[in-house]
Amino acid sequence: MKINDVILRTVVKGVVFIILTLGVYLFFSGHNAPGGGFIGGLVLGSGIVLLYITYDLETVHRKMPFDFKKVAGLGVLLATGSAIGAIFFDAPFLSQTDAYFTFPVIGEKHLTTVTIFEAGVALTVIGTLVTIILSISEDE
Amino acid sequence: MESLIMILIGVLVTVGTYLILSRNLIRVILGTAVLSHAVHLLILTMGGLKKGVVPLLSQSEGPFTDALPQALILTAIVISFATTAFLLVLAYRTYKTNGSDDLQELRGMSDE
Amino acid sequence: MNNLLVLPLIIPIITAVILVFLREQVILQRIISIVTMVFISIISFLLLNTVQTEGILRLDFSGWLPPFGILFVGDSFSIILVLTASIITSICLLYAFSTIGDRHEKMFFYPFVLFLIAGVNGSFLTGDIFNLFVCFEVMLLASYVLVALGGRKKQLRESLKYVLINVVASWMFLIALAFLYGTVKTLNMAHIAVRVAEAGQDPLLTTVAILFLVVFSLKAGLLLFFWLPGSYSVPPTVVQALFAALLTKVGIYALIRTFTLMFPLNQDVTHTIIGVMAGITLIAGCMGALAGRDIYTIATYNVIIGVGFILIGLAVGTEASLTGAIYYLIHDMLAKALLFLLVGMVFFVSGESIVKKMNGLIQNYPLFGWIYFLVMLALAGIPPLSGFMGKVLIGQGAIETGSYVLLALSFASSIIVLYSLLRIFLASFFGESTISFEDRKPIPKGAYLAFVLLAISIVYVGVGAESIAIYVKDAARTLMNPSIYIDAILKG
């Protein structure tokens, strides 16, 4: 039986962008406010899962041809890479640094290496979350 | 407040123990999830339920809350999330392969 | 600050993730994993020598000084175990190359072995009890996957029980941590030791200590070993060997660390309980080994006997007995890995796991048979093999404190170990072979290499006991005098 899911599809088209934007916002606000890689990653991941639920696996996979296991792997690599990078500067493992830079258009910005670490965490969370959901739902 | 939360933890542990002792696999997994929530609350309560501001030294003035229990709970949540997810997939595969989610039937024979 | 200290944890993780990307290139996966493990063995050997000259090493993550930050601590005891674990994993990988099969290799077998070893090394090195929990979980998650990998009916069924028992154990670990944090307000192990000493280890802290004892006993298989025979007999041989060599030993390490560093003050209660538990473990393990009819059951119950024996060294608690416990720990890791590899190979060549249904293996595989004989002697503690030093020193400690019951039990257990393994040797290896020399199933060369390397290590630990004595003695000295450890952490 085919379920009539017009409402779901229409709503999701709009809502998914809001969810993804919120995820990115949470990710960047994490430096000195509630948020961060883990929570941002969870929100982003749930947005992707919502897409998978609304449209079928093939459609989403055609537009987003990622192997989410590898996304998670890439995340772990980023996070451990930023942690181990400190060793090469003769600082203790996991040391992070930050600095202020001035850019032509957007003005002065605060850049930190923690962002790389957090990006790794976010990618890991997205990868793991989607892999879990897919591995349960795939064989049927 | 602490006593109230402690009673809540007790209730959660009771529920979790009841679920974990049942024969149905899904109930057992739900039981482990409830148990882990109980222990997260326990860690939070053990840190003391004080009122205070976010412990960001440059942005606000004390008294600060103890941030350590929250960090511990976040780590514990992530770990229990991973374990529960793994358990669910494992339970699903076991159900598919063995054709049963009844732990009594999954005991296994000694002469295999 | 010594950044080398974190490499035994972080390098396996990074290479494991890289291997995920190389799923189809099996040869490349093998090369990378073995190179990683050999590299870590070399690093841990260097670290071990550094500890001898510079004292206990410490690495404060991102420069946060203890007790505020998290840290890795390397004293002789933990680095000896890291070194042994890395060597055993390298050798087990050699065995895996020729036996594990394409299917496992493409299902991320090597990445999970590397995650397992990362968790094990992390548990040995961490100086923070919450990180001990985290590293335990890394190790356990990898082990859950390794038990279930392959997806046979029996494997899935047993892995479910294994996962559930460990989830409950981890839950109790968290409860113990919560109460510990509630009482002493710190999680740094050295700082906990100081605070517990200040408070004089009152009954509440002793209760927390006993909760830790229960948790670690579940992981180590001390008395609470009912889950062990089932889950250790289903995965492939290499995984069994790794589990037997590493997993229970991490629990033992945690027990020794907890009760020598953090809660050493109320020995009347805690060490007596450990002694009683170790004694009962020995008796029950011996009964299991005697009653077992198939080789897997006998081998798994031998693991349990080993756990009981090592923890008698802790329960007695003198410097001699702790030295013996460390010697025996090294020996037990090597010998149990070899025993499980051999038992798996017996099953592979004969297709049979019931002792009485096999015979004459030694005629077709002479070297194989004699290596089995060697490991049997080592496990029984015959000099000059590796088990001897540990048994003598634990016995010496037991006599010093007058624990004659434990002494009798531990040496009686050695005889049972010898008998249970000799039974396999006489029934399965001796006698006339029913299969002719030409029809025999060949043993892969990689497997032989692994057997020979492990056998050499066992002989070396026995004959060359003098050459590793400086490390072991330093480790035992640090365990007996927690102030050395505490000063290195909090006053440096």
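Placed from the backbone N, Cα and C atoms, the Cβ positions cover glycine too.
The annotation transmembrane segment is assigned in TrEMBL to C:6-22 (among others). Here the transmembrane segment (C:6-22) has Cβ contacts under 8 Å with residues 28-29, 32-33, 36-37, 39-40, 43-44, 59, 61, 72, 82, 86, 108, 110-112, 114-115, 117-118, 121-122, 125, 135 of the same chain, all six or more residues outside its ends.
Counting same-chain residues at least six beyond the ends of the transmembrane segment (C:31-48), those with a Cβ under 8 angstroms from any Cβ of the stretch are 2, 4-5, 7-8, 11-12, 15, 18-19, 22, 57, 74, 76, 79-80, 82-83, 86-87, 89-90, 93-94, 97, 110, 113-114, 117, 121, 471. Annotation source TrEMBL lists transmembrane segment at C:31-48 (among others).
Feature annotation from TrEMBL assigns transmembrane segment to C:68-95 (among others). Remote same-chain residues near the transmembrane segment (C:68-95) are listed as 2, 5-6, 8-9, 30, 33-34, 37-38, 40-41, 44-45, 47-48, 51-52, 56-62, 110, 113, 117, 120-121, 124-128, 130-131, 188-190, 237-238, 241-242, 245-246, 249, 253, 256-257, 326, 329-330, 333-334, 337, 341, 446-447, 449-450, 453-454, 457, 468, 471-472, 474-476, 478-479, 485, 488-489 (criterion: CB distance under 8 Å, separation of at least six residues from the stretch ends).
The annotation transmembrane segment is assigned in TrEMBL to C:107-124 (among others). Within its own chain, the transmembrane segment (C:107-124) is flanked in space by residues 8-10, 12-13, 15-17, 19-20, 23, 29-30, 32-33, 36-37, 40, 78-79, 81-82, 85-86, 89, 92-93, 96, 100, 131-132, 134-143, 145-146, 149, 242, 246-247, 250, 253-254, which lie at least six positions past its ends and keep a Cβ under 8 Å from the stretch.
The domain 'NADH:quinone oxidoreductase/Mrp antiporter transmembrane' annotation in TrEMBL covers C:128-415.
Here the transmembrane segment (C:162-184) has long-range neighbours at 129-130, 133, 136-137, 140, 143-144, 147, 191-192, 195-196, 199, 204-205, 207-208, 211-212, 214-215, 218-219, 227, 230-231, meaning same-chain residues at least 6 beyond its ends whose C-beta is under 8 angstroms from one of its own. Among the features that TrEMBL reports, transmembrane segment is placed at C:162-184 (among others).
Under the heading transmembrane segment, TrEMBL lists C:204-229 (among others).
Per TrEMBL, transmembrane segment is recorded for C:241-263 (among others).
Here TrEMBL flags C:269-291 (among others) as transmembrane segment.
Sequence annotations record features per position, and here TrEMBL assigns transmembrane segment to C:303-330 (among others). Beyond the ends of the transmembrane segment (C:303-330), by six or more residues, the same chain brings 77, 80-81, 84, 220-222, 225, 228, 232, 244, 248-249, 251-253, 255-256, 259-260, 267, 271-272, 274-275, 277-282, 284-286, 288-289, 336, 379, 386-387, 389-398, 400-401, 403, 406, 409-410, 413, 416-417, 461, 465, 468, 472-473, 475-477, 479-480 to within a C-beta distance below 8 angstroms of the stretch.
Per TrEMBL, transmembrane segment is recorded for C:336-355 (among others).
Non-local neighbours of the transmembrane segment (C:367-385) in the same chain are 302, 306, 331, 335, 338-339, 342, 345, 361, 391, 414-415, 417-418, 421-422, 424-425, 429, 443, 448, 451-452, 455, 458-459, 462-463; each lies 6+ residues outside the stretch with a CB under 8 Å from one of its CB atoms. If you look up TrEMBL, you'll see C:367-385 (among others) marked as transmembrane segment.
Under the heading transmembrane segment, TrEMBL lists C:405-426 (among others). Nonlocal intrachain contacts for the transmembrane segment (C:405-426), taken as residues 6+ away from its ends with a CB within less than 8 angstroms of a stretch CB, comprise 275, 278-279, 282-283, 285-286, 289-290, 292, 295, 298, 301-302, 305, 308-309, 312, 315-316, 339, 346, 355, 369, 372-373, 376, 379-381, 391, 394-395, 398-399.
Of the candidate ranges C:204-229, C:241-263, C:269-291, C:241-263 contributes the most Cβ pairs within a distance under 8 Å of the transmembrane segment (C:336-355). For the transmembrane segment (C:241-263), same-chain residues at least 6 beyond its ends with a Cβ under 8 Å from one of its own Cβ atoms are 77-78, 81, 85, 88-89, 92, 95, 113, 116-117, 120, 123-124, 129, 132, 136, 139, 143, 146, 189-190, 192-193, 196, 201, 205-206, 209, 212-213, 216-222, 228, 232, 235, 270-271, 274, 299-300, 303, 306-307, 310-311, 314, 317, 322, 325, 329, 332-334, 336-341, 344, 479-480, 482, 485-486.
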